[in-house]
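Quick look at what TrEMBL lists:
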- A:12-39: coiled coil (COILED)
- A:59-91: repeat 'WD' (REPEAT)
- A:149-190: repeat 'WD' (REPEAT)
- A:191-234: repeat 'WD' (REPEAT)
- A:235-276: repeat 'WD' (REPEAT)
- A:288-320: repeat 'WD' (REPEAT)
- A:321-351: repeat 'WD' (REPEAT)
Amino acid sequence: MACQGLQGGETVASLKRESESLRKKLEEERKKLSDIELNQVAEKIEVLGPLSIKTRRVLKGHGNKVLCMDWCKDKRRLVSSSQDGKVIVWDAFTLNKEHGVALPCTWVMACAYAPSGCAVACGGLDNKCSVFPLSLDKNENLSAKKKSVAMHTNYVSGCTFTSSDMQILTSSGDGTCALWDVESGQLLQSFHGHTADVLSLDLAPSETGNTFVSGGCDKKANIWDMRSGQNIQSFESHESDINCVKYYPSGDAFASASDDATCRFYDLRADREVAVYQKDSVIFGASTVDFSLSGRLLFAGYNDYTINVWDVLKGTRASILFGHENRVSRVRVSPDGTALCSASWDNTLRVSWAAYL
Amino acid sequence: NKKASVQRGGVNIANKTIEDIVTRIQDETEGVPIRTVKSFMTKIPSVVTGTDIVQWLMKNLFIEDPAEAMHIGSLIAAQGYFFPISDHVLSLKDDGTFYRFQAPYFWPSNCWEPENTDYAIYLCKRTMQNKTRLELADYEAENLARLQRAFARKWEFIYMQAEAQVKIDRKKDKTERKILDSQERAFWDVHRPVPGCVNTTEMDIRKCRRMKYPHRVKKSVYGLVEEGTQSRSPIHTPSHHCRKGTKEDVEKEILFLNTQLDRHRMKMSKVAESLISYTEQYMDYDQFVTAQEPSNPWTSDDPSLWDLEASKEPSQQRMKKWGFSLEEALKDPSGQELFLKFLESEFSSENLRFWLAVQDLKRMPQQDVAQRAQDIWAEFLAEGAPSSINLDSHSYERTSQNLKDPGRYSYEDAQDHIYKLMKSDSYTRFLRSNVYQDLLMARKKVSVCLSSSSHRSISVYISCIN
């Protein structure tokens with residue numbers, strides 16, 4: 001029995017060595033095709049003029065840190081969730097609060113608007129993700145129609161509807177992602193591979209695609225096939241937790257935000273990191289990213305209360321936005337690219353857009 | 001070395017970077033001039049001006065805008081690394097205000113979570129010393145009152161501890177005491193901030209559980225040992241999912257890595273060109289890069305522009321996008337409608353209808369999937385189907401097999417095949433067709449899109465004027 005145990009130990013060690021050498025080989029293969037850097041090729045395109053982005057709406061109403069928000073497809077409504085357990089649906093154009101729900105738990109870390117505009121999903125420390133149909137009757141208690149859909153064994157960090165109101169995708173502190181059928185609450189597919197909390201996910205924008213990207217505390221960003229549950233591609237170049245991942249609009253690439261104070265850009269076809277967005281004066285962790293409609297700009301929210309706007313192709317910073325009085329937890333560009341919403345630990349959401357002349 | 005420093009301590013990586021900066025800024029040769037300033041009858045030891053700090057930050061962190069330097073400086077102050085000597089509010093001003101550096105003992109990397117007993121001792125001892133500079137601010141007096149009520153039973157103990165601390169302090173050199181007193185106060189300004197100020201010690205709850213020292217005991221600022229068991233911080237619970245590399249895990253990893261090695265990769269130069277061309281194509285539509293015509297509903301304060309878009313009358317600019325890719329055309333309901341109309345004219349609309357049906361199938365509630373999958377087979381693929389589509393035999397066989405256990409992905413192969421067919425064949429003809437071109441011309445208007453700055457890419461498009 002003693003020698004069996006010894007054999008077991010050696011096997012794991014030799015397997016680990018094999019894995020390590022394969023990893024090195026993979027890095028070499030990836031490097032082979034990097035004949036030039038993105039920002040070098042981008043030297044030929046025109047420099048962007050000075051960006052003038054103004055905040056013109058401040059949404060006040062949450063009693064504590066705003067942790068998440070999502071735009072409605074109608075381009076003006078949005079849903080937000082907070083540490084105080086409240087989820088609010090706003091018409092950002094008029095500043096009207098249209099719906100409000102109080103969840104029994106605090107730290108509602110994730111919220112999403114359904115594609116139809118008729119429901120919202122949210123979850124957090126309750127380890128669940130629930131769907132609330134939005135009633136036209138303002139007096140109706142939304143909690144009454146609540147549908148509990150996802151069940152994880154740790155906090156829910158992110159959620160999104162797929163292309164319809166019928167499925168939601170969740171990411172969790174339990175290290176997994178999962179796809180759920182809203183009507184029945186059935187688990188359709190689970191995604192295992194991360195070795196620590198998963199903090200964020202994003203669905204590929206393609207009409208024909210069935211993939212999504214996730215990022216977490218294991219510093220990895222993984223691409224998943226929704227049909228099989230398989231991890232089809234993986235990237236590891238951050239030096240600390242990945243707090244947020246977001247696809248570039250064509251779906252061929254994605255960006256990430258990390259506690260290591262950098263944002264990075266990865267291309268799926270090149271199978272590697274193709275840009276790092278960093279500066280000596282950017283010291284605090286980046287918590288959230290989103291692209292402008294064309295993918296030319298990357299809006300990134302940081303723990304130093306600012307939003308840095310990066311020129312995705314040239315790798316330089318195009319602008320810095322001040323205004324929030326605490327960490328920025330989420331930034332999202334509206335569905336038609338006309339506005340940017342930022343949510344913060346200062347209990348507010350701000351809506352900003354480009355001001356010309 | 002950032003990687004190495006992440007392993008140290010349980011503090012986030014930003015604090016490591018700040019500590020490097022704070023160490024450099026105090027360096028004798030490369031840092032700011034820290035000196036003793038003579039003021040009236042007293043000397044103010046070990047201070048530097050706000051301007052000195054701002055200038056140093058601008059030079060050493062390559063910051064061009066002093067406002068940015070003040071912002072980052074204020075955050076470093078708010079974390080407790082330096083502080084104004086005459087104020088409880090931790091922020092950096094670009095003027096002659098005096099600042100002092102915090103002692104490393106009090107740095108956040110020591111994982112302080114001081115208890116209220118320590119705070120009570122601190123406030124109590126401040127009242128014992130007859131110095132104007134140690135007088136309690138209003139909010140501190142309120143805090144003290146609250147703590148006296150909360151700790152009513154052990155107040156005698158706290159009072160004694162405060163007296164003991166005062167005794168210890170008295171033994172120190174006068175100048176040293178001035179410095180230590182201010183550093184201690186700055187520590188408490190971080191952990192018990194002025195009402196209205198941001199509490200920088202607040203943590204993201206998702207990260208709390210994974211503090212590196214879960215076994216660590218909460219330590220007292222004043223060396224107190226609580227009678228009874230030492231309390232463990234409630235948030236420092238050991239991680240439940242310690243993912244050690246089991247044999248299966250490593251075997252899976254090896255399998256995965258081997259698959260990755262076989263992947264076809266594209267050259268960076270090609271990838272860069274692709275990214276650039278995609279972005280440049282859409283930059284005309286990007287509100288943050290190019291001023292839009294008609295203008296942004298937010299700037300014009302006119303939400304009716306959204307209603308206009310929702311109507312069935314797409315603008316020329318919007319129709320132009322349908323020419324970018326089949327994906328773009330299908331994404332837009334009006335584009336989809338027009339493409340369908342075109343296909344009907346060519347008697348090949350079943351392809352698009354099949355594609356749309358499969359999209360719907362994937363969006364259905366689970367319990368409806370099987371039936372719908374059968375319906376699609378009947379409509380498009382069965383022998384004598386009313387909307388028979390043309391599949392290669394391989395896809396047909398695969399799909400037929402899939403239908404034995406129908407699911408939402410049963411038609412993936414078939415859908416992919418049909419999509420490629422439409423893309424390479426019908427779509428290109430659609431773009432050249434009268435159906436599309438005539439409508440494009442019909443939405444004629446002069447649209448001139450100019451950026452406000454001469455540096456910005458100017459996009460001018462003028463459609464045909466009659």
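Each Cβ is built from the backbone N, Cα and C atoms, and glycine gets one as well.
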Cβ under 8 Å to the repeat 'WD' (A:59-91), counting only same-chain residues 6 or more beyond its ends: which ones?
97-113, 115, 117, 120, 122, 124, 132, 134, 160, 326-327, 329-330, 332, 334-336, 338, 341, 343-351
Calculate the per-residue pLDDT averaged over the coiled coil (A:12-39) and state the result as an integer.
94
Helix, strand and coil residues within the repeat 'WD' (A:288-320) as assigned by DSSP:
0 helix, 19 strand, 14 coil
Where DSSP helix means H, G or I and strand means E or B, what are the helix, strand and coil counts for the repeat 'WD' (A:321-351)?
0 helix, 16 strand, 15 coil
